[in-house]
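Annotated in TrEMBL:
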BINDING   B:Gly173, B:Asp174, B:Arg175, B:Gln176, B:Thr177, B:Gly178, B:Lys179, B:Thr180  ATP binding site
DOMAIN    B:23-96  domain 'ATPase F1/V1/A1 complex alpha/beta subunit N-terminal'
DOMAIN    B:153-368  domain 'ATPase F1/V1/A1 complex alpha/beta subunit nucleotide-binding'
DOMAIN    B:375-499  domain 'ATP synthase alpha subunit C-terminal'
SITE      B:Ser366  site 'Required for activity'
Amino acid sequence: MKKNSNKQYARALHKVTTDLTGKNLEQVLENFVLLLSRDRKLKQANNIIKEFVDYADKLAGIVKIEITIAEKISGELLEKIKKHFGDKVSAETKIDPSILGGIKIFMGDKILDASLKTQLLKFKKGLCQ
Amino acid sequence: MSVNSIVEQLKKNIAAFEKKTEVEEVGAIIEIGDGIAKISGLTECQASEILEFSNAEKGGGKTFGVALNLETETVGAMILGEFKHLKEGDIVKRTGRILSVPVADELIGRVVNPLGEPIDGGAPIKTNKYYPLEKIASGVITRERVNSPVQTGIKAIDAMIPIGRGQRELIIGDRQTGKTAVAIDAIINQKGKNMICVYVAIGQKKSKIARIVAKLKETGAMDYTIVVVAGASDPASLVYLAPYAGCAMGEYFMDQGKDVLCVYDDLSKQAWAYREVSLLLRRPPGREAYPGDVFYLHSRLLERACKLNKDFGGGSLTALPIIETQAGDVTAYIPTNVISITDGQIYLETDLFYRGIRPALNVGLSVSRVGGDAQTKPMKKVAGKLKLAMAQFRELEAFAQFASDLDPETKKQIDRGTRITELLKQPQFSPAAVEDQVLAIYAVNNGYFDSVEVAKVAETEKKLVEFAHRENPELLKKIVKGEWDEKIENEIKKVCEEFIK
């Protein structure tokens, strides 16, 4: 039997649970856990939950970003950045003084690096050549 | 340079610097150990792409890796070089570059690692040109048949197992039988023959490599040689890549229409390194625990040896792979594979080595499938007779001890055989020129050495060569040019007869 990936489990779960409520939902979730135990995937449960949330967000059109910045971010700037990525944006912010200045935005498995540190390193490389 | 101009230059550089922000794709290490990392993310990653591992603690220091396994949710990569500082959760970036080495004319005379970084303490190699390590070999349209010889300077090889430019000739034998010596002699003999040599040392002791480099420098061979080193202490990833790196450097010169000689010393160690990497990547093991594609590992490397035709520059890349056997077992997995890929093999034997026959060539088992076409005419003429005499001698060799009871004809053949064997002995680092080889082989074939004591054959040969150089240098020049007719043969005859007197 071909092994299913975490993503496939998450998608399947999403598909069967979208329009369910109350008792039915409970029943489905119980069955899903049994399925995971049968497939020996209980260890992966946390990853599957993560995939599930990601998938649901994606369907709902929510873009998740993580902003790293050297100092505390102002509300106004945050709104501006959020607007740039679309209407529904859920943003997390992280303060990391080691990037010196500028901003670093993670978006799924992409990274937009406009930090001062990276720019300086690039500049150093350019001068050394 | 004055202070002002430095400032000017600096200002110009600063002005030219553009603030660029690029979207980069990243992933994170899930699992790491033994030089292999399992990475999440990197959805767009290509096969054999270079990955950049950045570790926050190490600041600007960068480590590179190569993506080998692309799986549904993870990427398996091998790390090139040190990996102790990397840990789970570290960020990995795509570079978008396929694994490649820098190539330039200034590589000649240098000792570099498989990534093209010098390890001889010299200046870094500055070039903008990169060649991919893995490249599909030249196609049918671009090739032509092997037609010119590689003179190894070793009499036994040049006469009986000739190697042509663009050929792949395997050197196989147990440890300590002089495999490396044959290859190094061949490199040393390329002096002034318009050949670029690449010596790839794979998984060897650093002391041995240092000795070889010193010898190459001493004989002046370093002026046209590149040494690519992945030593025994280097990680398996670099050992596995070394031959491809050497081949890519060779291809750069071949594409310029030059002739290249590539020695891979030795491929059994590369197969071990590849086995290690494969098992760590959890690829299923097969025979002798090698992965299923170990044949392809060598065939794709050796297939890159070729002779290009005029329309494609006319360059060539000759490969001399070396394989070490265990206790003379050529039926092991890797030796049989490589024997079947190459265009012939030079088989070296421990027995012969200890009997004093050096190079310890087993003439019966060694063959060259295409080199015969490449021999010069004089060599072809004299070598044919030599091969026949050696074959007859091998049949009769067992009777040699009862020499007194044999009929005169058999005795003569045995005597001739022992003298030929003696003539084919050659000390290390003393390559013989083609004309000298032809002359000596002609003399022994036609019985001019029959009256010489066996122990004195080498000495007499030396005297004969000196005599010919003194008496008839014109004749030798003609032989070098590859001319051969009755007149020349008669002249050689005359020289030999005069010498015997």
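Just so it is clear, glycine is given a Cβ too, placed from its N, Cα and C backbone atoms.
Note on the domain 'ATPase F1/V1/A1 complex alpha/beta subunit N-terminal' (B:23-96): mean pLDDT across this stretch is 87. Here the binding-site residues are B:Gln176, B:Thr180, and the one with the most other Cβ atoms within 10 Å of its Cβ is B:Thr180.
Secondary structure of the domain 'ATP synthase alpha subunit C-terminal' (B:375-499) per DSSP, as helix, strand and coil residue counts: 99 helix, 0 strand, 26 coil.
For the binding-site residues listed here (B:Gly173, B:Gly178), the lowest count of other CB atoms within 10 A around the CB belongs to B:Gly178. Note: the domain 'ATPase F1/V1/A1 complex alpha/beta subunit N-terminal' (B:23-96) comprises 3 helix, 45 strand, 26 coil (DSSP; helix = H, G, I, strand = E, B).
Just so you know, the Cβ of B:Ser366 (site 'Required for activity') picks up 21 other Cβ atoms within 10 Å once every protein chain is counted. B:Ser366 (site 'Required for activity') and B:Gly178 (ATP binding site) have their C-alpha atoms 15 Å apart, to the nearest angstrom. Its Cβ taken as reference, B:Arg175 (ATP binding site) is surrounded by 11 other Cβ atoms within 10 Å in the chains shown. Around B:Thr177 (ATP binding site), taking its Cβ as the centre, 27 other Cβ atoms fall within 10 Å, counting all chains.
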